[in-house]
Amino acid sequence: MIYFQICARCRHRIDVGTRPLQWCPRCRGVLLSPVPVGAPPGAVRRNFRWVAIRPGGRRPILHVAPPGPTPSYAEIPRWGLPTEVPPPVEVPDRADRLAGRAPRLLAAAVVLFAAAALAEFGRYGVLLVNRERLIAPAVLALSDAAVWCLAVIGTGVGIAAAVASVAWLRRARSDAYAAVGAADPRRLRTLYAGSLIPLVNLVMPGVFLTELARVSRHGPRVAPVVPWWWTVWIANWAMLAIATAFRFGDGIQAQANGVVAAALTDVVAAGLAAITLVVMRRAEDRTTRGDRRVPTRWVLATGDAERTEKAEAVR
């Protein structure tokens, strides 16, 4: 069957044959639905109607408003899409997260070792009282439980604080050397081995901190504390060796001396954790509580100010 279509734009009849079209080949307008050629008017539903126009008639003129003035701006418009690219978010790795936990672990170690020292001194007091009269089993059990629980928990937190402190040392050295445009000459394994292996760690941690104090811009605040930290560090290992030796002694007096040695070891360990925290705070230019240190502003007093102060003092 042969069809024809009417263009909605130019109103011409287009014979399309057997394949209807969508666009007018003359003006590219939209073609109306196809109609079979020769079909009676009532047989097919059409979506158009014929309008009689006399010969020579013209289409009505559409009145279009004249264009207005061209838009202009006195300055460059400040609206638009943002052009700044947000900086990439740096996700800290495991070592950085461990280094960030070092101050909290050290503070916990101070509290636990101080409590362990009090428990050891309490146990020594129980031993002294036990020489005169018998101690209640409940008091003795409570003393033993406090000593053993605090010793185990304190040792675990102390080891975790030591590992986290080495991670902090690695990060602090990397930042300090990067600030002067250099790389840390010490490898990561050297820092961990020199700080955690017994006997070797009596010397190397102090060397690492001394190098940090020389390179860091906060070195003048760190350098005076490093010798004191080194002394407490060696004293801690010496007290640990003495307390261990007393553990293997025979006799009641040797065991009592071992309790005193353990208490003193806990005291030194608490002091070591505290002074380590002080070194960290100074290297980061913070206060002991961890707040940013506010520099002190000094103002020179003039002669008029001095005379005013003297006059107020006389009044």
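We number each residue from 1, going along the chain as drawn.
Backbone N, Cα and C atoms are what each Cβ position is placed from, and that goes for glycine too.
Annotations in TrEMBL come from automatic prediction, not curation.
The following features are taken from TrEMBL:
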DOMAIN    131-284  domain 'DUF4328'
TRANSMEM  105-125  transmembrane segment
TRANSMEM  145-169  transmembrane segment
TRANSMEM  190-208  transmembrane segment
TRANSMEM  228-246  transmembrane segment
TRANSMEM  258-280  transmembrane segment
Exercise. Can you say which of 145-169, 190-208, 228-246, 258-280 has the most Cβ pairs under 8 Å with the transmembrane segment (105-125)?
Worked result: 258-280
For this session: Average the pLDDT scores across the domain 'DUF4328' (131-284) and report the rounded value.
Result: 89
Exercise. Are there 3 or more C-beta pairs under 8 Å linking the transmembrane segment (228-246) with the transmembrane segment (145-169), counting only pairs at least 6 apart in sequence?
Worked result: no
Problem set entry | Same-chain residue ranges lying at least 6 outside the transmembrane segment (190-208) that approach it to Cβ under 8 Å | 162-163, 165-166, 169-170, 173, 226, 229-230, 233-234, 237
Exercise. Excluding the flanking five residues on each side, which residues at least 6 beyond the ends of the transmembrane segment (258-280) place their CB within less than 8 Å of a CB in that stretch?
Worked result: 102-103, 106-107, 109-110, 113-114, 116-117, 120-121, 123-124, 127, 151, 154, 158, 161, 165, 168, 172, 209, 222, 225-226, 228-229, 232-233, 235-236, 239-240, 242-243, 246-247, 249, 288
